[in-house]
């Protein structure tokens, strides 16, 4: 291992102590799931494909929360704030810059950078103020709620940045979708095949990248801090810096969700940051199993699908069910329901092998 | 001269109004946090419960003060039920209680929307208004200010002069020793949570005549309550009350200068700066210097 190239050493971190799933069986399963996801549009109509892109959009935010909360142990309730900041930034930028010359992609990068910068400033005050878990949660939630209220009152014509009207509670619309400049005419990424594959590719890259990150030295230190902050500090790690970095990366992923969502629906409202919206990422990640990227991914996808089915069939009760799911998870399977199932299955197979 | 006096009165009124709102919305949260280290994210829903019950009672002809107390009592009972069913199992895991109470908050908010519809008819603000120097002020707001001070006074008496206060202070200091000396700590926790919920209900009942009654109304108290508790720290009298005083000055100043939202944003910026300087809040600072 030692004389392997740095690239190979980095890639070897794709499986390790901080992530579930290793060995040939897991990656074979991963390949099958990926192949199914790639083949899916052939069997589904374009509405379902677009709807799936909608699900995928949220997964980035969930993965980010898994990094902050599950791996870092910092309770952040502010994911939707960064989602909103990036979404509004993308809207303002693209409405002003237009969609030619790949400027939407430039706006995407800039909007995600804005949310990361916002996270860095807020995180600096929180982590370097050394506030503990409970306060971290309520400060980040307060920021989110105030941001929502701020955006909700921007109805008047004086609230415009360039050509972009913020439109208060009704939300901002009319921003162009992501557009890739192409020799044979630009490809506009409407919620259809190209966007599906782009989002899927992005998701795979980010998922694998995060796996490498959490198995690297950084991830190990982060987990050490979660397990025992004092011990990590005594071992000479600046825990504030590690927590801040995890917070910024996780929040930037929420920002990426925000941009993709805005581009997907050409629409963003302040309600996407409110109390209810802010609770949903917590539900996804808690139910899935925040301590692992894969269970977070699976859990989030499952909860999203169930939530949408409930909204269609029993519209009003969907949120009640989500709340109940959260309470039950905390009481019965505090490490997450998907996580509990995986651990149960692993224990069963191990017992069989032992016999 | 008269003009400047009017200005002073106007600022004092704004300040008192902000102070009352901060104290009343935060004290329930602060009691529970200070005693149990639990942040109750369903705090807003207990406020809503108090507001709905007292408004219903007022519609049914119950006199206003009694209706408000009824609202507080109902919220308190609801709080004890929640404690019994959920919170009690989570004392070892304070972070999980936040998440669980958030789940409860979602259930209650949406459940009320389904059961009682998007809004409920309120009772008008009683007692009319009085005029000072050309501006009119609401009498009821003055009553709210007095209620905030009275609430703090009653809490102080309760925690320093009654048996429950003694037992609960013993329980927060060293729970195991209190238990060994025969204190039923579970009961103390349960009553404390109920007290916190009842205080939230009281805030809801008191503010019900001044706002529109919607199932999500609790959220409009949350930012102020959070901010006050974070700035104040774990102790109600050394923390929440002085924090409310300081924050009320900021809020009243910014509100009269730039409007309601500026007041809120100012509070938030103040709190973010305060946590950088005083991570354990005002009471943490005072207690450390004293000890």
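Cβ atoms are placed via backbone N, Cα and C, with glycine included.
Straight from TrEMBL, the features:
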{"type": "TRANSMEM", "residues": "A:26-43", "note": "transmembrane segment"}
{"type": "TRANSMEM", "residues": "A:55-73", "note": "transmembrane segment"}
{"type": "TRANSMEM", "residues": "A:80-98", "note": "transmembrane segment"}
{"type": "TRANSMEM", "residues": "A:104-127", "note": "transmembrane segment"}
{"type": "TRANSMEM", "residues": "A:134-152", "note": "transmembrane segment"}
{"type": "TRANSMEM", "residues": "A:195-214", "note": "transmembrane segment"}
{"type": "TRANSMEM", "residues": "A:244-261", "note": "transmembrane segment"}
{"type": "TRANSMEM", "residues": "A:267-286", "note": "transmembrane segment"}
{"type": "TRANSMEM", "residues": "A:293-311", "note": "transmembrane segment"}
{"type": "TRANSMEM", "residues": "A:317-342", "note": "transmembrane segment"}
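Using a Cβ-Cβ cut-off under 8 Å and counting only residues 6 or more beyond its ends in the same chain, the transmembrane segment (A:317-342) has close neighbours at 20, 276, 279-280, 282-283, 285-292, 295-296, 298-299, 302-303, 306-307, 310-311. Within its own chain, the transmembrane segment (A:195-214) is flanked in space by residues 10-11, 13-16, 18-19, 34, 37-38, 41, 49-50, 52-53, 56-57, 59-60, 63, 67, 71, 177-178, 189, 222-223, 249, 253, 256, 260, 264, 293, 297, which lie at least six positions past its ends and keep a Cβ under 8 Å from the stretch. Using a cut-off of 8 Å between Cβ atoms, the transmembrane segment (A:80-98) and the transmembrane segment (A:267-286) share at least three residue pairs, counting only pairs 6 or more apart in sequence.
Between the transmembrane segment (A:104-127) and the transmembrane segment (A:55-73), fewer than three CB pairs separated by 6 or more residues in sequence fall under 8 Å, so the two stretches do not touch. Across A:134-152, A:267-286, A:293-311, stretch A:267-286 shows the highest tally of CB pairs under 8 A with the transmembrane segment (A:244-261).
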